[in-house]
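Here the structure comes first, spelled out in structure tokens, and everything after it is commentary.
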Amino acid sequence: MAEESSMAAAELLRQAELLKQGAEARLYRAVFLGRPAVVKQRFPKRYRHPVLDERLTHRRTVQEVRSILRCRKAGISAPVVYFVDYTSHCIFLEEIVGSVTVRDHIASTQETHPNPERELEPLADGMGQILARMHDEDVIHGDLTTSNMLLRSGASDLVLIDFGLSYISALPEDKGVDLYVLEKAFLSTHPNTEALFDKLLKSYAAASKKSPAVIKKLDEVRLRGRKRSMVG
Amino acid sequence: MCSFMLVFQIIAKAAMTVVIGFEGSANKIGIGIIRDGEVLSNPRRTYITPPGQGFLPSETARHHRAVILTVLQEALEQAGLKPADVDCVAYTKGPGMGAPLVTVALVARTVAQLWGKPLLGVNHCIGHIEMGRLITHADNPTVLYVSGGNTQVIAYSERRYRIFGETIDIAVGNCLDRFARVIKISNDPSPGYNIEQMAKKGSQYVELPYTVKGMDVSFSGILSYIEEAAHKMLESGQCTAEDLCFSLQETLFSMLVEITERAMAHCGSQEVLIVGGVGCNLRLQEMMGVMCKERGAKLFATDERFCIDNGAMIAQAGWEMFRSGHVTELPDSWITQR
């Protein structure tokens, strides 16, 4: 049975259009039972040891689906999961038709708008709120960037994607690191947006019941690693 | 004829810029001389501690103090230059260990005043990147900077080097060095080199924690795990020391290649440059090469002469800065550990 379905998946992918090769998966556009779908296929990474590769690929496929379902149950926008094939490591997801990434949206607003900061404030608010709700469900995204958030066409509602590095945890530490990862990705991708990210954090803090401990951890994490004091 | 030669010499000299670079931010002391992209000399000494021990700042500084003048003389002799031929004295401003940095900065400051040459403080990380670019001719790469004190994925955008990913706790080289101490691997010539040689004889893959968070990595959990488990596994005969070296390298380097690939996808980059001491590990270069090939990207890497801390890299970054009008005034010639 599993073999049959995975052969069917392989057959489907042959006809599908390759959208993008990301860092760890290929994305295809396909039609699944009449609906526009995106297929995310994790292919083997030949640079790493086969045992490690199989373990990571399987775990990430499982985690991705689990976290999406958990988010959707809590009413947080994420693509619908249509089908999962664990043999070929494929996830069939709803295609968010006509959406743009938050990254492209911020970049184009910065280019075209006379006062981008002002214009993007509601978006930063929205990002803070959706992340607060996700963390309140104990979902740690693991790879928060502005490329992993979509804006539905013509609407201001956000959709979270790419849960491959996600996991479930209630620890403020994990949530703090999640925000730290976003902060670095955000500021390195979009120069001169410190005030905007601050806005995001304020909205996160206001929206999440558990935010004080998380923000405190975030401040701690910022001082770790190469930035820590090395007196002696 | 004579005046013609003189004019010619003046023109030739004006066109050529000679920079001497002093590096001593960790356990290596190096002095290098660069003349317009040409490495004239690059001698170096390493402070090597007994197996099971790391290098302490004050003892490292003592080592540097003892050899720095000999190294300086070597650098000038090998380059065939006199102090008068040098245009600028560059030194490592940081980041690094306080005591060794102070020692080397003091010497740089002194010779700059003795020779009447301008002084220039250089960021250590930028030194690694500029040296890598000079040697490999990489144009605009995504840089993986991996050493005993640093683990960063860096790319140039909007007129600045920006850090896209990095370790959130200890550096990859620190993880390797401290593992070497646990099972008493020799620090000569370096713990990383000896782990690399032992790993070639390992075959059994031991599962270790694997922690990637977006474009960031964490190594402290792996180190704690292996510190705790190494002796038990070795005593019970579950695996050999070689297997542990092999498994540790495979795990750490997979994490590094993964975040580099993620940063490349993020920036749309088609070049990778590996710099820093861990960057001369051939297994890391091989894994990165496989990843690049799959993406149709190009890999650039250097060998131990330029990967490991050296004086020429400080001279090279200093050369770039000096040519664009930077100098460091004496009162500003401090150092920073961060």
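Cβ from N, Cα, C; glycine included.
The signal peptide annotation in TrEMBL covers B:1-17.
Taken from TrEMBL, the feature domain 'Gcp-like' covers B:44-315.
Long-range Cβ contacts of B:HIS128 (divalent metal cation binding site) within its own chain (separation 6+, distance under 8 Å): B:TYR145, B:SER147, B:VAL275, B:GLY276, B:MET313. Per TrEMBL, divalent metal cation binding site is recorded for B:HIS124, B:HIS128, B:TYR145, B:ASP309.
For the recorded site, B:GLY149 (substrate binding site), the DSSP three-state label reads coil. Annotated substrate binding site per TrEMBL: B:TYR145, B:VAL146, B:SER147, B:GLY148, B:GLY149, B:ASP177, B:GLY192, B:GLU196, B:ASN281, in sequence order.
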Largest tally of Cβ atoms lying within 10 Å of a Cβ, found at which of the binding-site residues B:GLY149, B:GLY192: B:GLY192
Nonlocal neighbours by CB distance (under 8 Å) for B:HIS124 (divalent metal cation binding site), same chain, sequence gap 6 or more: B:GLU23, B:SER25, B:THR92, B:LYS93, B:GLY94, B:PRO95, B:GLY96, B:ASP309, B:ILE314
Binding-site residues satisfying Cβ distance under 8 Å to any chain A Cβ, from B:HIS124, B:TYR145, B:SER147, B:GLY149, B:GLY192, B:ASP309: B:GLY149
CB within-chain contacts under 8 A for B:ASN281 (substrate binding site), separation at least 6: B:GLY192, B:GLU196, B:GLN249, B:PHE253
Secondary structure at B:HIS128 (divalent metal cation binding site), reduced by DSSP to three states: helix
